[in-house]
Amino acid sequence: MLSASWCMTSFVGPLFLTSFLSVQGAWAGRLIFHGAISKAIIILNLTSESGPEIHCSRERSRAAWKIIEEYLMPFVDEHKYQISSKCRLHPSNDMFREQEAHKIHVDVNEWRCGFCQKRFRAEKYLDMHFDNRHYNLLNDTQGPCLADLCGALHCDQVMESKKPKTKCNPAAVARNRHLCESLADSCFPVNQGSTASRLHEFFLRQFCDSHTCSGGHKPFSRGGRKQSSVLYLAVCILLVLLLPLFYLLVFLSRREMKDGVQVLKRITKAKQKK
């Protein structure tokens, strides 16, 4: 009888353990399957929220526009010249221009989207927001992007993460100079009058002459937009504060001089009486 019970236990125990492990394995498989599906759903959601892939650098396009705005447009506006929309430097040919115009820099660590008023800690997060939520506002119908002109416009001169200096490449320099001169020809045709001719010459001096390995010319040699420096503002504030003090000192000195004259008159009259 004891041996029969022992045999039954020996048979049922492993069978129960095997069934239990099978059930646990099935549940584990289901959990792994559902986890994989959840991850796939999350990835699909993120993909559906992001816009189409744009083969144009926003950062370099921003640098190119900064150069145009600071080192070209002040002189164009001074001559009251209208750049044609066919010119690749025209604002309408910057696919990011609409988005960049809706950036609001509230504070040092605060940026705001001008479309939906959402706030961000840094500009790069706002850029990502534009790419994901407002990609439909990209003007990608004009062909080449503004970043393609960086070689001609010296974008590395104004970008925060400047590339380390390397040995001059004559082929690259020649290519950038040719692009620069083609921009001058297309944006300021010399056959369109004296103003266009002067701006054509200015563009060559301002941007194209520095495309050389000799190092004789620097970019933006004609200067840029005039901006009030911090030192200039500090001097103005100091003068405003010191001006009342100066007038006060002048007033006191004159009063002392009058008092001194009156004292001398009294002494003179006293001597005459004697």
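Just so it is clear, glycine is given a Cβ too, placed from its N, Cα and C backbone atoms.
The model shown is predicted, which means the values in this text are computed figures rather than measured ones.
As recorded in TrEMBL, the features of this protein are as follows:
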| type | residues | note |
| --- | --- | --- |
| SIGNAL | 1-28 | signal peptide |
| DOMAIN | 113-134 | domain 'C2H2-type' |
| TRANSMEM | 230-252 | transmembrane segment |
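Helix first, then strand, then coil: DSSP counts for the domain 'C2H2-type' (113-134) stand at 11 helix, 3 strand, 8 coil. Computed over the domain 'C2H2-type' (113-134), the whole-number mean pLDDT of the model equals 93.
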